Amino acid sequence: MAAPKPEEISHPPMDQLQGLEYCIDSNPSWGESIALGFQHYILSLGTAVMIPSFLVPFMGGTDGDKVRVVQTLLFIQGINTLLQTLFGTRLPTVIGGSYAFMVPIISIIHDSSLTSIQDDHVRFLNTMRAVQGALIVASSIQIILGYSQIWAICSRFFSPLGMVPVISLVGFGLFDRGFPVVGRCVEIGIPMFILFVVFSQYLKNFHARQLPVLERFALLISITVIWAYAHLLTASGAYRHRPDITQVNCRTDKANLISSAPWIKIPYPLQWGAPTFDAGHAFGMMAAVLVSLIESTGAYKAASRLASATIPPAHVLSRGIGWQGIGILLNGLFGTLTGSTVSIENVGLLGSTRVGSRRVIQISAGFMIFFSMLGKFGALFASIPFTIFAAAYCVLFGLVASVGLSFLQFTNMNSMRNLFITGVALFLGLSVPEYFREYTLKAFHGPAHTNAGWFNDFLNTIFSSSPTVALIVAVFLDNTLEYKDSARDRGMPWWVKFRAFKGDSRNEEFYTLPFNLNRFFPPS
């Protein structure tokens, strides 16, 4: 047999992913776009419901309070998504709630000045106002770093090699929200996972009227089937004598959202009262804002690949971070009980559907705003058991992580230096946060446990985030280990042309502001 030719055993690096049906500026038909937008809306419900459902009871809130927080979060989620897709990075990204804010918010909930309040409703309102004040102050971090272009300057120290662990762990770092949650109710979680994979991958060539229906709407079809199946199990009494935790994760009537939701309710600023401000709370929240910034940076780069766009130039990335800071400010003003970040699951859905259209995401934002005001209808969809979402996360988070690994094609992975940096950053990015999580579960407080609560919150939040740990390790090593002689190995010749807006002719197509606003904000 003849020796294979080099081109037969290697694949040239590609700036943009191939095989995507629609990129940022190419749109499906209006009917298909609306259906795809609704699918993104349904997927975004998982985090929007989970965070308030976990936090509100600890604050003394009722089911009615929980519903109002969910509605408010969805409302602001829709507004932030529109702002980001119109004036921020302009990438097709949903801006949703973030788990990064859990540590400082739980710390505020357990503040002695709040836990001493006897009346549950008063304690809930006072805690909400304290969280709002901390979010409002902390949002200034992203606003300043974004609009001053400081984050653009910082991003000049990033290389493809340094970004691989960060982007990969944006997906891999969420492993605890995948199968560990599916395992809480395997009878609906496993079928959901299997159906989603079969429809989106094995039956993706099934067409109806020249439309790949099963691939394009695999998530929507799978959720509908399994949700109906779960409701059948609930109605038949399958969980009647099961433990409470099983019922919460399996039943479709345990969320108490529909009965507690008003028919119409429009969220408005300061609806919980005037925010209260505490320096310690705000400083701890700043750590979560920094984590959100780093996670979103990785997610934006992943979204650009899955939307078949070029990597966002430094000033575009910084502009997006500035608008995300505005989003966190809105979170604080309206009272959503969390800050904003890029929704990783929705980024993964871009790849699963092979549709990276900006219009689709803007339509999904419209659904978020519309159904957040129509309480009963929104609560109906929000009552989907979280186990169903977790099964989809097993696919979507993994897809985002693999996009991060795809950046290795621009680097020299036969270099021991690169192997060392990639391996150590990936390992520590998984291992350090796992240590912080295990320590917290056993000791009921993080490894940082001093008399300064703000200091504890800052360190425990930073080192509980996999992408943040990966960025600290990877960027430090990449810029200190033989960096002068390894520019080619790090992938810098490929990366450098995307640093400036005019470095690549395609940037204007993807990232130019609408309504001719570039006249007033010229790209750098």
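In case you wondered, yes, glycine gets a Cβ from its N, Cα and C as well.
Positions annotated as transmembrane segment by TrEMBL: 38-57, 130-151, 157-175, 182-202, 217-239, 360-382, 388-407, 419-436, 458-477.
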Kindly say whether the transmembrane segment (217-239) and the transmembrane segment (182-202) touch, using the definition of 3 or more Cβ pairs under 8 Å where each pair is 6 or more positions apart.
yes
Touch test for the transmembrane segment (360-382) and the transmembrane segment (130-151), at least 3 Cβ pairs under 8 Å:
no
Grab the same-chain neighbours of the transmembrane segment (157-175) for me: Cβ-Cβ under 8 Å, and only residues 6 or more beyond its ends, written as numbers and ranges.
294-295, 297-299, 301-302, 344, 348, 393, 397-405, 407-408, 410-411, 418, 421-422, 425-426, 429-430, 433, 465-467, 469-471, 473-475, 478-479, 489-492, 494-495
By a Cβ-Cβ criterion of under 8 Å, what residues six or more beyond either terminus of the transmembrane segment (419-436) are in contact with it?
161-162, 164-165, 168-169, 172-173, 408, 413, 446-447, 460, 463-467, 469-470, 473-474, 477-478, 481
Report, as numbers and ranges, which residues of the same chain sit near the transmembrane segment (458-477): CB under 8 Å and 6 or more residues beyond its ends.
100, 103-104, 157-158, 161-170, 172-173, 283-284, 286-288, 290-291, 294-295, 298, 420-422, 424-426, 428-430, 432-433, 436-437, 440, 446-448
